[in-house]
Amino acid sequence: MNLVDLWLTRSLSMCLLLQSFVLMILCFHSASMCPKGCLCSSSGGLNVTCSNANLKEIPRDLPPETVLLYLDSNQITSIPNEIFKDLHQLRVLNLSKNGIEFIDEHAFKGVAETLQTLDLSDNRIQSVHKNAFNNLKARARIANNPWHCDCTLQQVLRSMASNHETAHNVICKTSVLDEHAGRPFLNAANDADLCNLPKKTTDYAMLVTMFGWFTMVISYVVYYVRQNQEDARRHLEYLKSLPSRQKKADEPDDISTVV
């Protein structure tokens, strides 16, 4: 083996060794950045799995290169504003089977346009801000939540109109119209425009106000009549108590008779 071949062999060995060393550092770095209670792997991009980890909130130390994030089957109750804003490569987000009740207006800021799958099924979501899902391109799963069907939900689902599955699986737990409770949202929306309903609340308030005024007027009239009757009775008793001015039989007439 000549010197050139020996040099090439040693150079190749050094390159392979350096490459292995760099890969080890990267793997160690990724592992060290993995949130507590989660498992991280690099299969098809960084996969962060935090399922069944007894998490009460979304970790704030998620690696920025996360592509798939599984936070299902925990005890998370809310999704704060901009919690995912640094995860620009995020494609899949699973938050199913938690106790989520609140989703802030800008919860998905930074990932709304890159997400491909969003799973919020099997939570406790009753309503969300009308802008919570703005620009969301993901296929969203929001079934098995106690949704309150009203104008806001109608606006939210209309903003996600490209995803028919999203609205199709929404069942109204409660509704501004009692007859829609327990029915699929699409059926309720076909029956009535939830953003253009008669203002029954105003009518009820007006009726209550009118009834209150009517009651006050009747009460005043009854009081006034009774008070007048009492005053009349007292006046009559007073008159009866005065001495009688009857003429005595032996008193001469005041008028003299002219003979």
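Any Cβ shown, glycine's included, is placed from N, Cα and C.
The model shown is predicted, which means the values in this text are computed figures rather than measured ones.
Residues or ranges marked as domain 'LRRNT' by Swiss-Prot: 34-64. Confidence over the domain 'LRRNT' (34-64), given as mean pLDDT on the 0 to 100 scale, stands at 95.
Close to N47 (N-linked glycosylation site) in the fold, though at least 6 residues off in sequence, lie C40, S41, T66, V67, L68, Y70, each with a CB less than 8 Å from its CB. Annotation note: N47 (N-linked glycosylation site) sits in a strand segment as assigned by DSSP. If you look up Swiss-Prot, you'll see N47 (among others) marked as N-linked glycosylation site, on the strength of sequence analysis.
N94 (N-linked glycosylation site) carries a strand DSSP state (E or B). Taken from Swiss-Prot, the feature N-linked glycosylation site covers N94 (among others), and the record attributes it to sequence analysis.
The repeat 'LRR 3' annotation in Swiss-Prot covers 114-135. Assigned with DSSP, the residues of the repeat 'LRR 3' (114-135) fall into helix, strand and coil as follows: 0 helix, 3 strand, 19 coil.
For the transmembrane segment (205-225), the list of distant contacts is empty: no same-chain residue at least six beyond its ends comes Cβ to Cβ under 8 Å. Under the heading transmembrane segment, Swiss-Prot lists 205-225, citing sequence analysis as support.
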Long-range environment of the repeat 'LRR 3' (114-135) - Cβ separation under 8 angstroms, sequence gap at least 6: 72, 77, 88-101, 103-108, 141-148, 150, 152-153, 155-156, 159-160, 173-174
CB contacts for N94 (N-linked glycosylation site) [other CB atoms within 10 A, all chains]: 21
